Structure formats: structure tokens, C-alpha cells
Amino acid sequence: MSTPTKQPVQPALKESTPQKVKKQRLSVVNAPTLRTAVLGLAALAAVLLAAPLFLSTFQLTLMARLVCYAIVAVGIGIAWGRGGMLTLGQGVFFGIGAYIMAMHMLYSDSILFGGAAVPQWWAIFANPVVALLAVIALPGLVAFILGFSIFKRRIKGAYFAIVNQALAAAVVVLLVGQQDSLGGSNGLSGFRSFMGFAVYDPINRIMFYFTAVGVLLALVVFSYWLMRSRYGELLVATRDAEERVRFLGYDPAMVKTVAYVVAAMIAGIAGALFVPIVGIISPAEIGVVPSIVFVIAVAAGGRASLFGPIVGALVLGWVESTLAQSFPSMWSYFQGAILVAVIVLLPGGIASLKIGKQGKLGKFRRATHKTQEATS
């Protein structure tokens, strides 16, 4: 009778513990070094702060508008790039902040200059401090209620994106129906002052631009800090291995909800800055299409990087303003082509194009050099 052979112990179990897997995942998506972040921030600040020296009044207004879109992109980079949540409804939170600021400005104008009467319930936002707090808190509250209820039910992926799109479509229908109180499909416009400053004064418009740039740079610093924090690591771990994070004792629903709320607050800030710069806010600015455009810009720039979403929003917005004038009916097709090209050729966006030896351009050059050597 043969004795049973002794099976060797498999050491793989020790190496695949959740904590080890989490560390391996995080090493792939580390935030940029402090030196890289400082240099990138300095370059971004230099370009944006020098823009008024080279741009006309119209071009500067366009640039200020793109800076507002770049602020939204920073929030999407946190929620989608770090958290893996495809937020196709950021236009809603952008619109909440914008409409709150529009109501504050019109109510203040009615007191300072008289004119057409405004709804009395707008008096809630008459105080500038209350209005500024509301453009941050109200989008965050809506995002918390929506996000927590969704993530607790473990809804994610395409289903989460569809819920966001449905929210954007529902809000647009609601706003269009509020003709008397919120302007309906025409929205709110006719602003004369912002925090006591004349809206159409050329000097004040430059000041509005610098304010938007300052907010953008501050949010870049905040985003970098968030990436380097323990919460930032936990957010990436939740994106890559949600069940393992739950096994370690964390609540993935709350982790993702926090990122979703932060992105919504950032979008609300962008909306509040957008109103005095552009001079109008309407349902057309916050619907499904603008929300998708935000995501396309972030994807084109590089959703997982620090500066990629900003570059994508600025570059794509400037290209849109240029091509839309020459090909107004074709721009939607250009957007679709850009998205397909990014997905196929540059999944990491513009930010993945590095000139160094390990970058895509470096690899392309080495491959070209080897081909030339082989043919010579």
C-alpha cells in the first residue's frame, strides 16, 4: 500500500493579501513628485497670468470661460481619474452654483439700481457670504444625497453614468418649466454688478479673469494634496479593488461619496465664477451635452494626471471656439472623433505623451531608430 504524497505548501497566499495588492496597485498611480508639481504649477500660472498681455478683450473673456471649465475638469479628475466614477452629470452641479450666483447678482442689482422686480425668495441669497457658501454647500449636499444612495446599492460603471445623465436631463426639464422664477429656457442674464463691481468695466473684467485663475491654481494645489494624502491612496485602492478595501474594514460607498461631493463642490465654484464672466446662465449650459463635453476634455488631457484635465479643457475649448466659427455644424463630429482617437491611440490622454526614454515619444523614437538601423 503506497503512502500518500505530501503536497507542497503554496506560498502564493501570503503574497496576495489585500494589503499587498493595494500597495502594488497604488505604486502604478502615484501622484507626481513635489518638484514636478511645482514646475507644472509655475508653468500653468505663467501662461495664464500672462494671457491678458496678448489677448483682446473678447479673447480674454473666452479664456476666462475656459478657465471655469478647467476648474470643473479638476473635480472630474478627482472623481473619475482617481475614483473611477464616470461623472456625466457635472453640468448639474455647475448649474446649481451658477444659478445661485445669478440670483444673488440680480437681487443685488434690483436693490442698487431698481428696475424689474425679482422673486422674493431670492432674498435667501441676498447676503454675499451666504451666496458664496451656498454655491459650495448646495451642490455638495445634492451630491451627497445622490452619491451615497447610489454607492450604498453598489451601483457603478455604466449604470452610474446613466443615472448622472438622467439627473442632468431632469434638471434641464425642471429649469425650462420655471419661466417666471428662473427664466425658463432663456435663463438669467442682464447682470450689472458683481460684489459691488461693475460687470462690464474692462478693468473689472480683467480682475474677474485673475480671480478665476487664482481659484484654479488653488484647486490644483488642493488636488495635489488630495492625491498624496491617505484618503487619495484609499480612493485609488477603492477604484482598483473595492472588495479588498471592504475586507480591510473601510466603507467603499463613503470613500466614493466623498470624492463625488468634492467634485460637485468644485463644479459649483466654477459655475459661480462663470456667471459674472460670461453674463448669462441658461439650461443649455448645464444639460447632458455640456456634461459630456467636460468628460471628453478630461479624457483628452489625461484623467489620471494632475494637469491633464486642465490642459484638455483649455486646449479642447480653444479648438472648439476656433473650429465652431468655421464649421458650426461639424463641431459635434469633431468631438466624437477626438474621443475615439483618444480611446484608441492615447488612453492616457495628452499627459501620457512624455519625451523621456520611458514616455511614448521616447519609445516611438527608439523604435524608429531601430527600424532605420535594420534597413541600413
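Including glycine, each Cβ sits where the backbone N, Cα and C put it.
Note that the structure is predicted; figures quoted are calculated from it, not measured.
Taken straight from TrEMBL:
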TRANSMEM  33-54  transmembrane segment
TRANSMEM  60-80  transmembrane segment
TRANSMEM  92-115  transmembrane segment
TRANSMEM  121-146  transmembrane segment
TRANSMEM  158-176  transmembrane segment
TRANSMEM  207-227  transmembrane segment
TRANSMEM  258-281  transmembrane segment
TRANSMEM  293-319  transmembrane segment
TRANSMEM  331-356  transmembrane segment
Report summary line: Counting only residues at least 6 beyond its ends, the same-chain positions whose CB falls under 8 A of a CB in the transmembrane segment (33-54) are 60, 63, 67, 206, 209-210, 213, 216-217, 220-221, 224, 306-307, 310
Report task. Please figure out which one of 60-80, 92-115, 158-176, 258-281 racks up the most CB pairs under 8 Å against the transmembrane segment (207-227). Result -> 60-80
Query raised in the report: For the transmembrane segment (121-146), which recorded stretch in the set 60-80, 92-115, 158-176, 293-319, 331-356 gives the largest number of Cβ pairs separated by under 8 Å?
Result: 92-115
Report summary line: Spatial neighbours of the transmembrane segment (92-115) not adjacent in sequence (6+ beyond its ends, CB under 8 Å) are 72, 122-123, 125-126, 128, 131, 134-136, 138-139, 142-143, 164, 167-168, 171, 175, 182, 187-188, 190-194, 263-265, 267-272, 274-276, 281, 283, 285-286, 290-291
Query raised in the report: Is the transmembrane segment (331-356) close to the transmembrane segment (60-80), in the sense of at least 3 CB pairs under 8 angstroms with a sequence gap of 6 or more?
Result: no
**Report entry** Residue numbers, six or more beyond the limits of the transmembrane segment (158-176), whose CB comes under 8 Å of its CB atoms
**Finding:** 85-92, 95, 99, 146, 150, 182, 184-185, 187, 283, 286-288, 291
Query - Cβ contacts the transmembrane segment (293-319)/the transmembrane segment (331-356), at least three under 8 Å, sequence gap 6 or more - result: yes
Query raised in the report: Looking only at residues six or more beyond either end of the transmembrane segment (258-281), which have a C-beta under 8 A from one in the stretch?
Result: 61, 64-65, 67-69, 71-72, 74-76, 78-79, 82-83, 85, 87, 90-91, 93-102, 105, 131-132, 135-140, 142-144, 146-147, 151, 187-189, 191, 194, 199, 205, 208-209, 211-212, 215, 219, 226, 231, 235
